[in-house]
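J.: Please read through the structure below; I'll follow up with questions.
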């Protein structure tokens, strides 16, 4: 094996494998194990990348008035696949836990049989992506924030159904505070829209299924974080390409007046790079910690996103109930992080 620099990956634990403290992986599934230093770095990296990505996407969609969200997602997905291809060809990364970098053919990066095995994850990812985009249009912003915060509850239920994962009372209590904060944040705007509610809850369910499926698919397929990202791109990329063509988004993109301006290209490039890093952090965070931890991190980064977005882009009306709800949500997320660090 050549002496190549290898990027850190999250390899799926093998059945019966022991970790560094001598305990089997399965023995810790139902306990409030403390977050490792590597897991903490993964969580912090995700939050930093997520905030930056939202700001760059906001710049592309608002500052430049780019009309096609799906095309940005397609660019990000294609860019991620190209990054993975280049890194794998140069043998800087591997796609499996036991990869010895002996495979030189791009066509055999991930066997077709393994791709079919990861199909449920890819479908969950595509549904999560499309439902999340549609949900923004279905309800107003306060209600959207309120309903999306309930994803933590969906994640706990889905994790229990798929993996039997259970949590301590401390963790459940912190999640309850987050849900209370979500209610306060949208309490002034509880207008009922059946279609809008349905789309947002579909986005919540698909998000929970996607996050819970990451660790499960990684363990059963033998793929690490990069391998799962590659499989997602190979399966979802062509589907999203066809979808954007049918919707007419590709034609709108070609006719976009700022498409080749340096400023827009820099914003789009940064968005694609950050999306690649963010997807890697999501896989790493979900595998090293849990799907629920990933969801909680998403709630914590909302506060920084709202603050930076208000300072850079403005347009955020002040509402005391919304502020109280945001603080409740941040407090609950902080409690969750504290309990994970001390192992309760």
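Including glycine, each Cβ sits where the backbone N, Cα and C put it.
Sequence annotations record features per position, and here Swiss-Prot assigns region 'Disordered' to 1-23. According to Swiss-Prot, the transmembrane segment annotation covers 41-61, 66-86, 92-112, 114-134, 167-187, 194-214, 226-246, 264-284, 304-324, on the basis of sequence analysis.
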J.: Tally Cβ pairs under 8 Å between the transmembrane segment (41-61) and each listed stretch (167-187, 194-214, 264-284), then give the stretch with the top tally.
T.: 264-284
J.: Is the number of Cβ-Cβ pairs under 8 Å between the transmembrane segment (114-134) and the transmembrane segment (226-246) three or more, considering only pairs separated by 6 or more positions?
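T.: Contact criterion met.
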J.: Report, as numbers and ranges, every residue of the chain located at least six residues beyond the transmembrane segment (264-284) whose Cβ falls under 8 Å of a Cβ in that stretch; write 'none' if there are none.
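T.: Here the qualifying positions are 8-10, 42, 45-46, 49-50, 52-53, 56-57, 59-60, 63-64, 66, 72, 75-77, 79-80, 83, 211, 214, 218, 225-226, 228-229, 232, 258, 294.
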